[in-house]
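Database features, via TrEMBL:
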TRANSMEM  D:34-51  transmembrane segment
TRANSMEM  D:63-82  transmembrane segment
TRANSMEM  D:113-133  transmembrane segment
TRANSMEM  D:139-159  transmembrane segment
TRANSMEM  D:196-215  transmembrane segment
TRANSMEM  D:245-267  transmembrane segment
TRANSMEM  D:279-305  transmembrane segment
TRANSMEM  D:325-344  transmembrane segment
Amino acid sequence: MSTATDAPGGAPLLELRGIGKDFGSVIALEGISTAVRAGQVTCVLGDNGAGKSTLIKVLSGVHRPTRGELLLDGEPVDFGAPRDALDAGIATVYQDLAMIPLMSIWRNFFLGSEPTTGWGPFRRFDRATAKEVTRRELAAMGIDIRDPDQPVGTLSGGERQSVAIARAVHFGARVLILDEPTSALGVKQAAVVLRYIAQARDQGLGVVFITHNPHHAHPVGDRFLLLNRGRSMGDFAKGEVTREQLTEMMAGGDELTRLAEELGRPGGA
Amino acid sequence: MSTATDAPGGAPLLELRGIGKDFGSVIALEGISTAVRAGQVTCVLGDNGAGKSTLIKVLSGVHRPTRGELLLDGEPVDFGAPRDALDAGIATVYQDLAMIPLMSIWRNFFLGSEPTTGWGPFRRFDRATAKEVTRRELAAMGIDIRDPDQPVGTLSGGERQSVAIARAVHFGARVLILDEPTSALGVKQAAVVLRYIAQARDQGLGVVFITHNPHHAHPVGDRFLLLNRGRSMGDFAKGEVTREQLTEMMAGGDELTRLAEELGRPGGA
Amino acid sequence: STENSGGGDEGGDGGGTAASGDLDFAVVTHGAAGDAFWDVVQNGAEAAGEDLGVGVDYQSDGDPQRQSQLIEAAVNQDVDGIVVSMANPDALEDSISAATEAGIPVVTINSGAERSAEFGAIGHVGQDETIAGIGAGQRLAQDGATNVLCVVHEAGNIGLEQRCDGASQGLGSDVQLLQVDINDLQAAQSTITSQLQSNPSIDAVLTLNSAVASVAASAAADAGSDAAIATFDLNADVISAIQDGTISFAVDQQQYEQGYLPIVMLKLYAENLNTVGGGQAVLTGPGIVDAENVDEIADLASAGTR
Amino acid sequence: MSTTREAPVDGPARADERVARVGPWRRLMVKPELGSLIGAVVILGFFSAQSDVFRSLAGVANWLDVASVLGIMAVAVALLMIGGHFDLSAGVMTGTTALTVGIVAVELQQNIWVAIAAALVLALGIGAFNGWLVTRTGLPSFIITLGTFLMLQGLNLGLTKLFTGTVIVRGIADAPGYHSAELVLASTIDVFGQPFRVAVLWWLLVTAVASWVLLRTRFGNWVFATGGDEVASRNVGVPAQRTTIVLFMTTATAAWLVGSITAVRLTSVQANTGTGQELIYIVAAVIGGCLLTGGFGSAIGAALGALIFGMTQQGIVYLNWDADWFYFFLGAMLLLAVLTNRLVRRYAEAARR
Amino acid sequence: MSTTREAPVDGPARADERVARVGPWRRLMVKPELGSLIGAVVILGFFSAQSDVFRSLAGVANWLDVASVLGIMAVAVALLMIGGHFDLSAGVMTGTTALTVGIVAVELQQNIWVAIAAALVLALGIGAFNGWLVTRTGLPSFIITLGTFLMLQGLNLGLTKLFTGTVIVRGIADAPGYHSAELVLASTIDVFGQPFRVAVLWWLLVTAVASWVLLRTRFGNWVFATGGDEVASRNVGVPAQRTTIVLFMTTATAAWLVGSITAVRLTSVQANTGTGQELIYIVAAVIGGCLLTGGFGSAIGAALGALIFGMTQQGIVYLNWDADWFYFFLGAMLLLAVLTNRLVRRYAEAARR
Ligand SMILES: Nc1ncnc2c1ncn2[C@@H]1O[C@H](COP(=O)(O)OP(=O)(O)OP(=O)(O)O)[C@@H](O)[C@H]1O
Ligand SMILES: Nc1ncnc2c1ncn2[C@@H]1O[C@H](COP(=O)(O)OP(=O)(O)OP(=O)(O)O)[C@@H](O)[C@H]1O
Ligand SMILES: [Mg+2]
Ligand SMILES: [Mg+2]
């Protein structure tokens, strides 16, 4: 498995060439090139507002890039809508989670990919299956929901995030994109997510993973794409960087240690 | 300064006695008692859905507790609305941030506490001051906004969180409540927030801090309130626990280390 | 289709000199768009325009303020004459005097006869709604009705109110009012049915619109009531209902004349300074259409002229 | 990726100490439909207690008739509102379709079924146009459909006058095929000797189908999602634009059904038919629990909202209250209905959120 | 806690490589008001090109008159919509206040200023009632104000008939103090020899004050916040309920102003005055860029929306287009205005989001 660390891991599933994105006068991305390979985890790192979410929205068909090219299996593609990306097997956990607060958990889980039963005019949403799968997938993440009929809007922040992750993992066929999936999660749930990422990678999926936590990024990442103010600061293979360097690159990652000292308290990172 | 670690730190600013909160059939909190003291940081820890956000919403006047008593400076109080809590000097960063997406950054910053200028019928919102203060406070957090007139809805997740934190810090007079303030923040910004917390504590404010990150909780926390499924699992002073115990209490905090081993990769927490 | 005086054509100022080919008249009424009664008025005015070779521009709005603004627009356009219906004379006073001050002759139609001369109109063609109502009330009394239901199809409309008031006067006792919505005739039918069901002593229903009359007849049948149905205004359905006896009579204002005659009057005034009526209103009704005379006008109503 | 992962072994029915016990009665109370059912029951009780005609079979047939035509539209409008949009042209479209049936059958002398089919095609076209314009421009549907509302109002009058010379199309009863059309759309059915309008059946059918689609099909899921958060639902792959267009076409289809019923039943159609009714449809849907902001509501609720409106409208007449005060009473009863609904739910709210 | 922290030394005017250069013209374009200004200019150009009366001073005075009364209400309704609510009773309230002025002045024989004051008190009461009910019950304002709308409609008719025996109040011109009231509310002002209605001044004043309040005061900030996200704004201490109630009272005050102008100008008032106008106010506000979901919009935009509506309404008359097709043209012109607005903004959108 460790062969994947340095080797390119085959032809890229997804490739970006000189991608740029403007929002009116705001230049959010400029000249980003990288590749997502099967069986590899690409970590996108960067400060707040660096353009990480914008980048993954380009990958998942939410935004059309203003400049540059997107290649799927080596062929140029133009995702007109997220549906196109989903149909290409790309599933995404958005930072804002893309959930409908007033709808129940199981309806949100299968939204856009509802299982059906019956035929002809009597084809209907298979509710029993949907509820059952929802409960099972969430339980696997260590989230024990009271009632799959509860509206998502009344879930806690972490519960909601777990639902979004479980959904993406369930539907991700070739590429799994996760935008700060662990931000609101407890330590236990975060570990489960990291394990999911590793599982997905082992099954040959390409994973794009955004996080601010070097402790999360380093164990699972194979490549690290560093963004700063909308531009790429480099694209490193795992072997090329240590966790310390990584933390350093993530804008003064040792601050915590220094902080702990500065505060004159025992402990620290 | 380290005297605050074990000593009670004077009479509690805020005290909770047997607080419980139901949402219809959902029992979100049950029998919580704790105290927030001046010059102390109380960390509330717990799994996703444990009831942490609900607890701080009781403290900040969003929810009226179903059971139990809330005391401010030893006197029972009944916060009918968040305004009452704000007027008592309690400022809160909500997990959902409580920002108006369509409004500009500076309008959001001063929302509800607008500075005014002029007199009589010509008393008006002091826009120049508002913009200036907003820019200054955000810059102090290391967030360099392009334009304070940008609608908050177009900010990145971390930028938005920074605005909410800067606002609470600016207006918090006696108690500062932060619900997962660092979840979407970069390492640098998170460190700034931790330093804010320490500063606030040193200035004699009571701080309530919710986080899932033991690396964040341990350096600044003085007391640790542990919640599980809506109930208190104990209330520990800093001296009573080491970081390892804390991480353990936070539901298998060593998972990361184990995970790293399990994945057969170098690195880990 | 008559003469062509072909003479000088220096704008319509003051009237009297313009050539007929260049005459433009404005008709501004308070009828709602699509109202069956006012549609016949419009048809009359437009037919007169065609017959006499003059331009006729018909506008209407039920809101008095809007109506006055439409009159002002006509004044601004410097038309050669204005025809105005005066349901609410006070509200139109300013704009009508603006017209007369600008030297534009005004003919008032329908209601408002008593204020017409005061406002400087050169004549009035119409039938006061109250008098029409009295006529209907008297006829109902004649037929032996004692407990009459008056169906108002637009709440607060002054013209409709006057018709019901007049009916009370003619009948000699108060009529009972019922509100329905002209734009939802199915519901109107149900509402009339329920009124007849809950109040079986009603022995006559007076509707103020021909379309409401048709559903009132069906409603009476639904409710099993043998109340007589009478109505204001005609249309082809009402005429065939009179023929087969389901509606006993209709009050006909011959409102076609209220559209046609003022155009004739304005043309005569413009070319010959003639006035009509000698300061008195020219009355167009009320005529009563019942089984006796219905056959003669049967074909005319479907053409939109009765 | 659906590998087997270690699922904790606890069945769905396991008791949870974080959930308080709630009686079945209270559980029922919080369903949106049951809220408006309470309102309906209150109104029914109020008028029945005071008027024996109101509660007689003939009375019931009468107010059910009013509720049914309104209800067909209210249910369709409710679907659209759940999907996050308004259709101000819904009212006038009932007139457009009714006039089309009349003009094609009478003036163009076609079989009435041909006329009805033509009206359907027209309605679907207008609905698709509305939906296309809304999704294409991203402008609020309120303003787009206001534009089509005004344009249709003008067309109704202008074309009717063009074809007939008057503001009314009449003589539909003489069109070929009229009797079969009457049977389907405007006949009555005897129940205990009292004729009920067949429109009541249509109303029940429409409500049942709409409710089934909304709660049991993929499309229904998309409707809730599109109305709840259009961006989020597009992000997870819901065809939001298609859903919106179909919803507008659904309202148009309901308008066609109501218009056809009107034309066949009254046999003559006025050019201003339906104008101003759009607000009443929205009101019925809102009484029935639909959120104006979209994403929440129910078809059965909207049907009950129409029932409340119909009962109130007729009940006031049955009580012989002074007609001058009709609208006053109508407003007061509506407020009464929604406030009761609200009160009951407040009490029962203890059962959720 | 505002301690000095180490702020990076960069002035606000520093160039940022993450911001592309945008011309001032494009920057202007994206302001919501300027969007509707484009619509207004297109409509103005369209009609002016075809009718010289329309562009004459007399014509301008005429359509400004139409726009002004509508505009006063549209601006107030826009504030309310930005605050997240609707007031369906706004239209009929202009009738209620006008009738109150008439009844108090004529039937109760008071000085007209007393009558106008009485109408103000009544209007404020109704507005406060609307706001109180909405904030108290949490029900949608759409349904609450529909209730008051219907009730007021009934009251207007019932009370007018009670006092006058008919559906019209006449003789306001004979009330004591009428002339001073006429001067303030219904006089004309000569500009280049063309009398303009004083209502135009009121309209400008209301727009200016509303715009100032909205953009420059605390209250304005609260309005945006309450409409944008009520829960969030309450959480940061905005008095959302008070804001809502004040907004409803503002619409009521505007209705009182319009009602008083109507009563004094027409000197007689019909019981159905104002009914049905509420939708037009909302439309003007939406054309002017207000979101129906609240939290976004502008007072100047609403005033321009009213202008578009007024110009279109009168412009069609000036072009002598067939009255039967009036609504068709009105709808088409409105769509034209909003679509142009949209197109221009699409082009300019490159300048933001
Ligand atoms: N729709 C938009 N309109 C204008 N600016 C935008 C828009 N979306 C994003 N931006 C800007 O683009 C920049 C990049 O945003 P993005 O959300 O990609 O950052 P990020 O790297 O995900 O940050 P974070 O770690 O805080 O989530 C930000 O400065 C943001 O203000
Ligand atoms: N308004 C509500 N209605 C019903 N249930 C609610 C409501 N608010 C919260 N809950 C439930 O109460 C429980 C506690 O929620 P809370 O938001 O306090 O959790 P938390 O500890 O903050 O979790 P996280 O770490 O994920 O933010 C959750 O299970 C949630 O589903
Ligand atoms: Mg992001
Ligand atoms: Mg929380």
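The backbone N, Cα and C atoms fix where each Cβ goes, glycine too.
If one looks beyond the transmembrane segment (D:196-215) by at least 6 residues along the same chain, the residues whose Cβ comes under 8 Å of a Cβ in the stretch are 61, 64-65, 67-69, 71-72, 75-76, 78-79, 82, 184-190, 223-224, 254, 257, 261, 298-300, 302-303, 306. The stretch from D:113-133, D:139-159, D:245-267, D:279-305 with the most CB pairs below 8 A to the transmembrane segment (D:34-51) is D:279-305.
Contact check: the transmembrane segment (D:245-267) against the transmembrane segment (D:113-133) gives at least three Cβ pairs closer than 8 Å, residues 6 or more apart, which meets the contact criterion. Across D:113-133, D:279-305, D:325-344, the stretch most heavily in contact with the transmembrane segment (D:139-159), judged by Cβ pairs under 8 Å, is D:113-133.
For the transmembrane segment (D:279-305), the residues of the chain that approach it from at least six positions outside its boundaries are 31-33, 35-37, 39-40, 70-71, 73-75, 77-79, 81-86, 90-91, 203, 207, 210-211, 214, 224-229, 334, 337-338, 341, judged by C-beta separation under 8 angstroms.
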